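Engineer: Here's a structure for you.
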Amino acid sequence: MSEMTPMMRQFLEIKAEHPDAILFFRCGDFYEMFLDDAVKASRILGITLTSRNKNADGSEVPLCGIPYHSCAPYIAKLVEAGEKVAICEQAEDPKQAKGIVKREVVKVITPGLVIEDASLSPKENNYLLALCCDGECYGLSYLDLSTGEFRVTELDGLQAALAEVTCIGPREIILPVCFREEPKRKEVAHVIVDRSITYFEEWVYDPDYCKRLVANQFKGATAESLGCDRLPTALLAAGAVLHYLVDTQKGHAPHVTCITPYNESEHLLLDESTRRNLELTATLSEGKRKGSLLGLMDRTVTAMGGRKLKQWINYPLMDLKKIWLRQDAIQELMEAPGTREAMKSLLAGVYDLERLNGRISLASASAKDLSALRSSLSRLPAIKEQVAACGAGLLKELDAGIDPLDELSDLISSAIVDDPPFVLRDGGIIADGYNQELDELRAISREGKGFIARLEAQEKGRTGISSLKIRYNKVFGYYIEVTKANVSAIPDDYIRRQTLANAERYITPELKEYEEKVLGAEDRIKDLEFSLFQEVREAAAAQGERIARSADRLACLDVLVSLSELAHDKGYCRPEVHEGSELSITEGRHPVIEDMHSAERFVPNDTLLDNGENQLIIITGPNMAGKSTFMRQVALISLMAQMGSFVPADKALIPLVDRIFTRVGASDNLARGHSTFMVEMMESAAILRGATARSLVILDEIGRGTSTFDGVSIAWAVAEFLHDNKIHAAKTLFATHYHELTELAVTRPGIKNFNIAVREWNERIIFLRKIVPGGASHSYGIQVARLAGLPQAVIDRAKEILINLEKGEYGEGGVPRLARGKKTPPPSPQLSLFGAGDDQIRERLKEIEVALLTPLEALNLVDELKRMI
């Protein structure tokens, strides 16, 4: 250490306090990085790695740097790579410093705490989430620092908590240090993968410490006043988030003004599997927004509205009155295209007020940000005028909450120029006429520059030296330059400042006096402009709560306009959402598939489900016929209805559903080491435990991951359980290839059979995509194989084997005789079914009362007799 320069010693001392972050060390107009930080940053950023000085052992010190005024894209790239960035600024004016300039870290930028647009997706929240537990009670809190949104909840059990984490989709997660150890480490592994993780020691979760953090952030507020008195574990998670803010932002987040507690009973619950299978916000195949329900429904024109719509999709309502309020607003806007288009046009000019407010409150806003705020506020009176003319209750509420902030708009308009520069310290930000002192300094500056031009002309005339020039540089200031050939003509009052190879440089008392006046004015102008800008920014920050409230109302309005436009353009109907059990859809359509294949006519279908005679629908039919599409569309229509949206149908009667479950596919869990069949059983078990009579269950091909007999048995038992157990008797759509399950409708009054209509023509099949009553008579697997492009030889051979199987011609070990080879000779006549030693089988058969056998019992009996042979 003693061999190092003072600045390098200072760097290492500060770096020791932030070992997990790349330290941006301010040196003049640059942020510099040294040692391992420099090596890592140069690789990620693709910038030149150089070196400075030498260590005591003669080795070079790696170095790289970036201009401080254009650091945002570099920081964004590092954060995107999962790195933390500690911003170390000069804490005093270098001109005033005695010795090395004091420096300190002013903030640490992490993936979950970015606020600059370069690091953010406009229509996605950027959440920092904390999770902790007290026994089986899991507390969860999450914060979007860029908008100030801060929410907390408690959940029963780790799986419910992890499902909520997946839904929230945080960019960074805070966990207690115990989550590093088994078994919790393994249980959360799939959720934390590819996310930035920070572990806190147990003392951070001390209740008293967390209460102090909450009180400090929210001006003395208590758990009771924040509505969190019944969420003690969630409050510990909130404390962890606030502790992280103290660590990284010096606790400075004035726009985070409240905590919003919520309970899972307030919303229709959707587990991770259901969200994925229904492709609510991203497609299964590529994880993209386009092709998802969100991609279809999002016609918002503001970033705030886009984020709000995603929340509405992820958290459908359980409150009928709130649903009806949204429906009323959508209907009014749908029926008033002129108003709707006017609102959309006005909203399109509103910037992201939530994130502008965040940067303003965190003192990170630029003059461009204030200009964007001014532009947005200028549109609010016209928006209010449009909304005020509407009659729907929710639109009236939004109108009351939209605050034009006239005084702030006027302040910014008078203070900030129309098109301010990006760099604050360059000046040119404050408008003429706003501040008298600034106007006077600008006049001096302009007059001084004019004086220089006049003085040059005067001196040329006085000396007769036509090549005389008055110039300026940062070292000498203003000077008069005369070539060597003309030195003899200079007056006596010229004072030599510098000798060059071909010229001499001079000053005069008059030039020096004006230099001090002009340059002093320019320095004072920049300092005064920055000070005035800070005052305006602070005035805007003081209105943070009003800005946030207006931003939220504008986001809601944007979503309502978007949904009304979608309903109008797509011919959606207003569903009748009710407290009963009947789910009736007339001519329902899958919203996304209908949109993606708009050139073709989507075949609509009716649906009837209830908790009585139509409680469980068995759907049979071939692959590709449309079973999965039909079931998913029922789930999506139910979800859209509880969002308050209109739905793709001619008519819809939708009951409030507490949960939607889906059991489709297994690709998600195979990477976790679970077999396809194990995934099926785990998800099925979760459904059977969690479903209620108010739930909607979608089951697609239960039991296909094991042997036929096992699969049929499990599928049959699952269907029976969902029908017979009244606590878990959810409204269920059950697609299957096991035609044996159609027999359930004979013995269970709440089970009905439906199939996908198919027509055969020239040994080919035509999918009619229509759901009709009754079970399917064939599975058409070979025809589907032909459509998929299997070689004709394989198709022909499959037909032969199928005929053989259907005739029951089996050889030893149950192998179809023809399946062992086409040239196998036909079997010799069999004289007796039983040999001399088959008395046991004969006796077993005598015990059977055929008339009383169910199809499932018959299948199990055949399997038993087969093992006895």
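In case you wondered, yes, glycine gets a Cβ from its N, Cα and C as well.
Pasting the feature list from Swiss-Prot:
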BINDING   Gly621, Pro622, Asn623, Met624, Ala625, Gly626, Lys627, Ser628  ATP binding site
Engineer: Return one of helix, strand or coil for Gly626 (ATP binding site), based on DSSP.
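Structural biologist: The three-state answer is coil.
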Engineer: Using all protein chains in view, find how many other C-beta atoms are within 10 Å of the C-beta of Gly626 (ATP binding site).
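Structural biologist: So the number of other Cβ atoms within 10 Å of Gly626 (ATP binding site) is 23.
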Engineer: If you count the C-beta atoms lying within 10 Å of each candidate's C-beta, which of the binding-site residues Gly621, Pro622 ends up with the smallest number?
Structural biologist: Pro622
Engineer: List, in sequence order, the same-chain residues at least six positions removed whose CB sits under 8 Å from that of Lys627 (ATP binding site)?
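Structural biologist: Sequence-distant Cβ neighbours: Ile619, Gly621, Asp700, Ala735, Ile756.
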Engineer: Which residues does Ser628 (ATP binding site) neighbour through Cβ under 8 Å, counting only same-chain ones at least six apart?
Structural biologist: Val664, Asp700, Ala735
Engineer: Check Gly621 (ATP binding site) against DSSP and tell me helix, strand or coil, would you?
Structural biologist: coil
